[in-house]
Amino acid sequence: MAKFIFVTGGVVSSIGKGIVAASLGRLLKSRDYSVSILKLDPYINVDPGTMSPFQHGEVFVTEDGAETDLDLGHYERFTDTSMSRLNSVTTGSIYQAVINKERRGDYQGGTVQVIPHITNEIKERIFRVAENTNPDFVITEIGGTVGDIESLPFLEAIRQFRKEAGRDNVLYMHVTLIPWISSAGEMKTKPTQHSVKELRSIGIQPDVLVCRCDRPLPQGQREKISEFCNVPEEQVITSQDASSIYEVPLMLEREGLAEQTLKLLRMEPRQPNLEQWQNLVERMKRPNRHMDIAIVGKYVQLNDAYLSVVESLGHAAIANDMDIKLHWVNAEDIEKHGASMYLADMAGIVVPGGFGLRGVDGKVAAIEYARLNQIPFLGLCLGMQSSVIEWARNVAKLEDAHSAEFNPEAKNPVINLLPEQRDVVDLGGTMRLGLYPCRLTPDTLTYQLYGQEVIYERHRHRYEFNNAYRSLFLETGYQVSGTSPDGRLVEIIEYADHPFFIATQFHPEFQSRPNHPHPLFFGFIQAAGNHKSQPISDELDNQSTEMSISLS
């Protein structure tokens, strides 16, 4: 039977529960245990697919086409394991399932209540992950903060879980904040004490406390937390701020988190194999060269809207021994002031995905600037569609070319709605979603980077390249370097007379891993480094250099 670990958070939101859960998953996997990580989100949306990126951040897409919380990206990157729609649960999806059962008569006329019907549905979702993937451990992160009214059904469900699964099969881990009060000159444990008190009032006594702090936790404070929170001292774990999230598993390993977890769940203690992860972190801290990369987007006010793009650039930077500084460029600013003001000093330009007309002309201008000035360019989803519009207008001389998404009356709709999308009415969960095969064209840079003919990538879109214009594009020098296996859908384009000009309809950022950077990001960073980079001085080299992945 699987062991179940529940990760809750207290005092403040965004405390790092997802990174703690992902790091624990990495530590257990390094001991040859299998792990699946589940996120319970308390919002009433069925999934985050239709939520604003400014509110929610990135929507992470799984292989089976689920639109999920960005924390699932952390889970996949840290454990190098693909998650599924089973690993993402929201209050909205729980209530939707319960109401559907009530409408079918499954409850046989009974009064449907939070307890037991909602809590039973929550527990069923957790057990389903264990049954479908058969892992040694199921780690469940509960979104929100203890004390939030939205989280109460989830907390009640996991309280009941220990009785049903058995005391030795369930562990409660609470992530909390230990703030430094500068006026007092000390760290304060009272917020943690109150957070644990709140959790205990619900009926959950945490087995392990993970204390987030910006400096080492003094022994006296650790003893105080142990005494007042009724947690053994060795199970009070410090999680100090790090320059990169990829340092956190190593820090928690030194603190004994995995060792205590295995002891409490009566599992065999094993020696971890973290050599590859340690080498990754060491290499990240010792880059040879520095360069500047621009991300031209429409949601740049919230960097988390492009989290997987940032992480993928970081993975590729490590593999190329590069330190990169990201420059966030609002596409609308380019529309007002021109591209050269923001992009002249860049080693590479990334144009990521998005929806809607706002900022598209700025993206098109950025892509034209990259093409004309031989600056390495990588376009993703809307970034590819924008590159098609740019080529159509400026090279193929179709001056009124546009996407049917933005101008349904366009005379030259070089981007058009997928045929299967024409009768779709609902927005949520109806796009082309999930993992699809793509056949690469030999003798292209894309083929060279992947090193294989058929690849599999994750999609999230309704619109595609309009094949009515394919011949014209090929005649003017555009290369189609990847299509669906039947050749019907254009998935990758590139421009051969350029150091690196590749754009994809899919989202390669969802497939990148710290120890396995995505080939397209690797090639992009390599080309950008060749275009414009500077050696790092000995003085800087002796410092802890902050890579792009630490931005998240």
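Placement of Cβ uses the backbone N, Cα and C atoms for every residue, glycine included.
Database features, via Swiss-Prot:
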REGION    1-267  region 'Amidoligase domain'
BINDING   S13, K188, T189, K190, P191, T192, Q193, K224  UTP binding site
BINDING   S13, D148, I149, E150, K188, T189, K190, P191, T192, Q193, K224  CTP binding site
BINDING   S14, I15, G16, K17, G18, I19, D71  ATP binding site
BINDING   D71, E141  Mg(2+) binding site
DOMAIN    292-534  domain 'Glutamine amidotransferase type-1'
BINDING   G354, L382, G383, M384, Q385, E405, R462  L-glutamine binding site
ACT_SITE  C381  active site, nucleophile
ACT_SITE  H507  active site
ACT_SITE  E509  active site
REGION    533-552  region 'Disordered'
Exercise for the section: Compute the average pLDDT of the predicted model within the domain 'Glutamine amidotransferase type-1' (292-534). Expected result: 93
Problem - Pairwise Cα distance maximum in Å, UTP-binding residues per record: S13, K188, T189, K190, P191, T192, Q193, K224 - result: 24
Problem - Length of the line joining the Cα atoms of K190 (UTP binding site) and I149 (CTP binding site), in Å - result: 22
Problem - Rounded distance in angstrom between the Cα atoms of T192 (UTP binding site) and E509 (active site) - result: 37
Handout entry: Among K17, K190, K224, R462, which are binding-site residues, the residue with the most C-beta atoms within 10 angstroms of its C-beta
Key = K17
Practice task
With an 8 Å cut-off on Cβ-Cβ distance and a minimum sequence separation of at least 6, pull the same-chain contacts of E141 (Mg(2+) binding site), or say none.
Solution key: V7, K17, G18, A21, I37, L38, K39, L40, D71
Fill in the blank from the handout: In this structure, the one of the binding-site residues I15, I19, I149, L382 whose CB has the fewest other CB atoms within 10 Å is I149
Completion exercise
binding-site residues G16, I149, K188, P191 vs G354 (L-glutamine binding site), shortest C-alpha separation belongs to G16
Completion exercise
Counting only residues outside S14, I15, G16, K17, G18, I19, D71 in the same chain, those with C-beta within 8 angstroms of the ATP site's C-beta centroid are G9, V20, A21, E141, V175
Fill in the blank from the handout: Nearest to T189 (UTP binding site) by C-alpha distance, among the recorded positions I149, L382, E405, H507, is I149
Completion exercise
Rounded to a whole number of Å, the separation of the Cα atoms of S13 (UTP binding site) and Q385 (L-glutamine binding site) comes to 36
Completion exercise
DSSP output for S14 (ATP binding site) maps to coil
Handout entry: S14, T192, Q193 as binding-site residues, winner by CB count within 10 A
Key = T192
Handout entry: Cβ neighbours within the same chain of C381 (active site, nucleophile) - under 8 Å, at least six residues apart
Key = P352, G353, G354, R460, H461, T504, Q505, F506, H507
Fill in the blank from the handout: Cβ-Cβ distance under 8 Å, sequence separation of 6 or more, same chain as Q385 (L-glutamine binding site); the residues meeting this, in order, are S403, I415, Y463, F465, Q505
Practice task
Could you tally the C-beta atoms, other than its own, that fall within 10 angstroms of the C-beta of H507 (active site)?
Solution key: 23
